[in-house]
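Taken from TrEMBL, the feature domain 'Orn/DAP/Arg decarboxylase 2 C-terminal' covers 19-357. Residues annotated as domain 'Orn/DAP/Arg decarboxylase 2 N-terminal' in TrEMBL: 24-269. The N6-(pyridoxal phosphate)lysine annotation in TrEMBL covers Lys49. Residues or ranges marked as pyridoxal 5'-phosphate binding site in TrEMBL: Gly228, Glu262, Pro263, Gly264, Arg265, Tyr359. Residues or ranges marked as substrate binding site in TrEMBL: Arg265, Arg301, Tyr305, Glu331, Tyr359. Annotation source TrEMBL lists active site, proton donor at Cys330.
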Amino acid sequence: MIDIKNYENLAKTYKTPLYIYDFDKIKNNYLDLKEAFKARKSLICYAVKANSNLNILKLLADLGSGFDCVSFNEVKKALISGASRYKIIFSGVGKTDDEIENALKEDILMLNIESFEELLNVEKIAKSLNLKARISVRVNPNINPKTHPYISTGLKENKFGVSINEARKIYIYAKKSDFLESIGIHFHIGSQLSDVTPILESATLVSSLMRELKALEIDIKFFDIGGGIGIKYDDEKTINLYEYAQGVLKALDGQDCTIVCEPGRSIVANAGEMLVKVLYKKENDGKNFLIVDGAMNDLLRPSLYNAFHNIVSLKNSQDLVNFDIVGPICESGDFLGKDRYLPNLDKGDLLVVKDAGAYGFSMSSNYNSRLKPAEVALINSEVKLIRKRQSFEDLIKDERV
Ligand code: LLP
């Protein structure tokens, strides 16, 4: 992404571990997806959970992006980044009463309903505010997305959405209510998908429900196909965006609506890297470890999903050593990569953990009372600090003694 000298300068200036984002890449990822859907009215709603730095949200809002939010705080972050309220969707199985009330007052595009009980709650709150809640229903199509079980969401054993039959009931109930207006239909079957087939099967199923609803005079305007487009961390197959968009159009079979897509990872993952520094090298009976200053609290994906992130050295050498790259946290699960062949690095050498822009910082924590890393962005060949490193004072400021 940037040249070696710059990595060294960045480490000197901002210290490590450090997240580095390339804003041109984020912009291009967004525009490529928008382009794939150009034949139709489309709205890309970036999934804020993937990376919610305000500067990234602002970059996307300025490009015209909408936002898929999973808490009211994400809605607030999208709004203060300049997003249009009519491009904000609020999803999630467990919205609290306060969150629903605030979202309705903010007049965002729609709330994604995930159960009948939630529908009744939204209706009650809308009634108390004397307004009409615009809703969408998340359909769980019970289709296997063929991804890691922790990020699979479209099977009936997953907590997300409702069955086709339940969705139909929800729409019929909503039609009779003075406080509900159904404008969308939604599915999201999982993340890091490398095969377009299960997405298109789901689209076909959900599209036929949409057609059925039309016959009942329930006119759905937004067909929301969720996110889930996978990226290449290693040697995965990836989804061809053109094939994806064409497949969705085919599933719609001429029905008039705006296609909504909620990508997170495919917008930011490959635009981000985490820079770490070697603290120690050690050998345990033939097993080699590089202990670096970045850990599972900074990037949880390897520990949580056994996810692969390419890790590259800035040094060139033909003599490679097999290392596990581990962090300082007191858990054996604290690793960034296992069995990687790298030059025989020493204390102070830098390593770049690739494709860390999505679900990296946003899943970071203060475990072991470690401070959250800084984030910088490359914007028009300039480096800008977009989040300062946490301080010890930040760490304890909410504690009351
Ligand atoms: N829409 C909904 C309703 C979602 O639940 C998600 C992600 C997205 C959109 C965006 O999906 P994406 O395009 O990023 O695949 N922490 C995990 C990923 C969890 C995804 C949760 N939902 C990871 O690091 O792989």
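Note: Cβ is positioned from N, Cα and C throughout, glycine not excepted.
Have a look at these and tell me how they're positioned relative to everything else.
Lys49 (N6-(pyridoxal phosphate)lysine): 20 other CB atoms within 10 A of its CB, across all protein chains.
Sequence-distant neighbours of Pro263 (pyridoxal 5'-phosphate binding site) (same chain, 6+ apart, CB under 8 A from its CB) are Leu33, Ile44, Tyr46, Ala47, Gly227, Gly228, Ile229.
Secondary structure from DSSP puts Tyr359 (pyridoxal 5'-phosphate binding site) in coil.
Sequence-distant neighbours of Cys330 (active site, proton donor): residues of the same chain at least 6 apart with a C-beta under 8 Å from its C-beta are Asn368.
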Please work out which residue of Glu262, Glu331 has the most C-beta neighbours within 10 angstroms of its C-beta, and give that one of the binding-site residues.
Glu262
Using only the residues recorded as binding pyridoxal 5'-phosphate (Gly228, Glu262, Pro263, Gly264, Arg265, Tyr359), report the maximum Cα-Cα distance in Å, whole number please.
15
When DSSP states are folded down to helix, strand and coil, where does Glu331 (substrate binding site) land?
coil
So how many other Cβ atoms are close to Tyr305 (substrate binding site), meaning within 10 Å of its Cβ?
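I count 16 other Cβ atoms within 10 Å of it.
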On the 0 to 100 pLDDT scale, where does the domain 'Orn/DAP/Arg decarboxylase 2 N-terminal' (24-269) sit on average?
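Mean pLDDT for the domain 'Orn/DAP/Arg decarboxylase 2 N-terminal' (24-269): 95.
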Those recorded positions, Gly228, Cys330, Glu331: which ones have a Cβ sitting under 6 Å from ligand 1?
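By the Cβ criterion, which requires under 6 Å to ligand 1, the hits are Gly228.
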On a simple 10 Å Cβ count over all chains shown, which one of the binding-site residues Gly228, Gly264 is most densely packed?
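Of Gly228, Gly264, the one with the most crowded Cβ is Gly228.
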